[in-house]
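J.: Not my notes, these are from TrEMBL:
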TRANSMEM  18-40  transmembrane segment
TRANSMEM  47-73  transmembrane segment
TRANSMEM  93-116  transmembrane segment
TRANSMEM  170-188  transmembrane segment
TRANSMEM  208-228  transmembrane segment
TRANSMEM  235-254  transmembrane segment
TRANSMEM  266-283  transmembrane segment
TRANSMEM  295-315  transmembrane segment
TRANSMEM  327-348  transmembrane segment
Amino acid sequence: MEEDAGQSIPFKYPASDFLLTVGGMLFFLLDVVLDVWAVVTFYQQEAYVFMGLLMFLLLGSSALVQAFSWLWYHYDKDSTETRTESLVKSLHSLKILHVFQMGVYLRYAGLVRISICGFCCRKRYMEGNAVYLTHDLSLLRLIETFSESAPQLVLMITIIIQRGEVEPITILKALGSVSAIAVSVTMYHRSLRSFLPDKAKQGWGSSVVYFMWNLLLIGPRVAAVALFASVFPCFIAAHFLSSWMVLFFVAWQLKTNFMDSGGGEWLYRATVGLIWYFSWFSIVEGHTRERSTIYHTWIGVDIGMLCGLWVWQMMKNPPYSELPLDPYVIFVIMISLYIAGLCLKVTYYKFCHPKITKQGEVECHLELMSVSVGVPPNGEDVVDFRVMGHTEHPELSVRVNKRMRNLAGNFYS
């Protein structure tokens, strides 16, 4: 009977998603090992400036991710938790774990435990709780991607160019790194799709297109910043801070309402400014197309300016080692790839983006997901399937991640 009821649960967590989660955790641990190895390598090479910059990026990103993780735990403190989280909270050490940068590992542990219990006990309704935890991890990975991975890739490409180590193997490594960034954005996109009423019809084909246009847009952006930093290292900080302040101001003007506290909301807006420095991110409903057009126009002009200044410097002061391509050719390639990414993005929205056949179809579905048991829609989201008409079982309630639900509303509005 329980198995039949589980069939109606709107959130599915198949074994493939569980394997992706475990794989993500393993890659997360591998990334930590590689970061430590990179710091040690810079120390052995006596490249203390690069080592300091890398440590600043690693520690700053980790602190930012842990801050969001802690705030979300604090907001959800009265909600249903996994046994691992309850144990930690009973020892009053959750905050200490985040101070020691262990909060994300706790989330992975909770997700793995509840997933294994769901698969072994065949309790399909537990899938909703697993998806809830996956949504938060997806958001945290997205924040880590643009606060650590993207800036770290800029630093690595800058070092490669300055040292004259532009070789096929280093180019392939850079392509692999930017592809990993695009994969993280794509997995976030897959999480958003769990809130679609016709999510079962959304296959991996559209995700491939989504991955490709993000790869073509993020790649030239990262490369342009790295090229500029390689010849004007003293000005890249000014460029980032001035751009970030403008983007942060725009996020503030849009009056976001994502976090449950004032301080958390300001932190979120500052983080949005950081993400926007590299990639587009929908944060409020309405006029998304207009804002996206303005954003991509501005970023495109900025890429042209950064690459143009790099070409000018290359012509004025040629490097001691030859580049694989002429600077003008590299400039044309950067602009062409970005334009190709924009064209592919338009193609995605025309042919692959979910079609809304009825006015407010997604909004109605999201509102349905907000039905709570004795709790207002803007409070903790615990869906009672008796209210939704899915089952008569009183025990079957599934948590709905209101943070991801709001972002889904922004993306599909």
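Cβ from N, Cα, C; glycine included.
Any TrEMBL annotation is an automated prediction that lacks curation.
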J.: Could you tell me what the rest of the chain brings near the transmembrane segment (170-188), counting residues at least six beyond its ends with Cβ under 8 Å?
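T.: For the transmembrane segment (170-188), the sequence-distant neighbours (Cβ-Cβ under 8 Å, at least 6 residues beyond its ends) are 20, 24, 138-139, 141-142, 145-146, 149-150, 153, 156-157, 160, 207, 210-212, 214-215, 218-219, 222, 279, 324.
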J.: Can you tell me which of 18-40, 235-254, 266-283, 295-315 gets the most C-beta pairs within less than 8 Å of the transmembrane segment (208-228)?
T.: 295-315
J.: Residue list, the transmembrane segment (18-40) vs rest of chain: Cβ under 8 Å, 6 or more residues beyond ends.
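T.: Cβ under 8 Å, 6 or more out: 51, 54-55, 58, 104, 108, 111-112, 115, 119, 130, 134, 137, 141, 187.
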